[in-house]
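Remarks on the structure that follows.
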Amino acid sequence: MAVDIQPACLGLYCGKTLLFKNGSTEIYGECGVCPRGQRTNAQKYCQPCTESPELYDWLYLGFMAMLPLVLHWFFIEWYSGKKSSSALFQHITALFECSMAAIITLLVSDPVGVLYIRSCRVLMLSDWYTMLYNPSPDYVTTVHCTHEAVYPLYTIVFIYYAFCLVLMMLLRPLLVKKIACGLGKSDRFKSIYAALYFFPILTVLQAVGGGLLYYAFPYIILVLSLVTLAVYMSASEIENCYDLLVRKKRLIVLFSHWLLHAYGIISISRVDKLEQDLPLLALVPTPALFYLFTAKFTEPSRILSEGANGH
């Protein structure tokens with residue numbers, strides 16, 4: 001195969017784009033930014049992203065997809081109150097919105113029309129922040145080579161959040177207006193108003209910290225799920241197994257946290273160590289059991305009552 005010989009490209013992410021190919025002859029352009037859907041290889045040539053996402057990539061996308069859903073459920077529960085019977089319908093609607101947004105996002109991504117995406121493999125943290133690695137050969141002129149080296153893991157999250165927001169604005173107000181009769185006019189839409197705040201926050205979080213989240217999300221899941229489970233059981237004054245079994249809602253919350261524990265463990269293990277670390281899944285119920293066995297020594301109900309009385 002004949003390839004035109006040109007000087008090597010500067011910078012980590014500058015590459016040469018294929019201009020012409022005729023049989024075994026390939027002609028590449030000057031060093032610059034790679035087109036969307038391509039990234040540089042070791043020889044500094046822009047190559048299309050043709051690989052399938054790894055299991056860890058899918059788990060990361062699943063984590064980013066869960067964030068708005070969990071926040072929806074939290075604010076729905078927060079603003080619905082104990083007297084409202086509309087919370088369940090709103091929970092189901094939020095799940096439907098996020099599920100449909102995920103399906104639509106996959107369908108509009110390359111290749112279009114199938115529930116499959118092609119991607120470039122993440123090699124290091126700097127792949128998420130190519131804008132920080134634009135070379136300046138003479139320390140005056142900057143060669144701009146910013147592109148999505150982790151295609152499409154960075155932008156697909158923004159697309160998903162956009163569809164989540166659109167579907168929420170189309171479906172949720174009609175549902176809330178029709179069934180949330182137990183709430184006041186000023187309260188029934190507060191969960192929607194909350195989403196209008198946390199979606200921009202999630203967008204900025206992905207834009208600035210997407211690479212950090214990619215490597216840290218398994219540990220974030222484990223820590224947050226442990227903390228929130230302890231806080232929930234303490235606030236609900238659960239001190240023994242009977243308190244846990246007396247209400248179905250508490251069991252649902254417990255099993256949801258167990259699923260998050262398992263999700264975090266599998267994410268940390270990755271696919272290359274999954275078989276070795278599968279026995280760790282047996283530890284999923286351990287935090288809840290530890291809490292139940294030690295609750296009698298801390299007496300969460302007494303602590304809550306003293307806090308409410310200002311002591």
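Just so you know, glycine gets a Cβ as well, placed from its N, Cα and C.
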Is THR142 annotated in Swiss-Prot on the same side of the membrane as PRO173?
no
Folded-back contacts onto the transmembrane segment (278-298), same chain, C-beta under 8 angstroms, at least six residues removed:
226, 229-230, 233, 238-241, 244, 254, 257-258, 261-262, 265-266, 269
Helix-strand-coil residue split for the topological domain 'Lumenal' (109-149), DSSP-based:
8 helix, 1 strand, 32 coil
Tell me which residues of the chain lie with their Cβ under 8 angstroms from that of ASN22 (N-linked glycosylation site), as long as they are six or more apart in sequence?
none
Positions on the same chain near the transmembrane segment (211-231), where near means CB under 8 A and six or more residues out:
59-60, 63-64, 122, 125-129, 150, 153, 205, 253-254, 257, 260-261, 263-265, 267-268, 287-288, 291
Among the ranges 58-78, 150-170, 251-271, the one whose Cβ pairs under 8 Å to the transmembrane segment (189-209) are most numerous:
58-78
For the transmembrane segment (251-271), which stretch among 58-78, 88-108, 150-170 has the most Cβ pairs under 8 A?
58-78
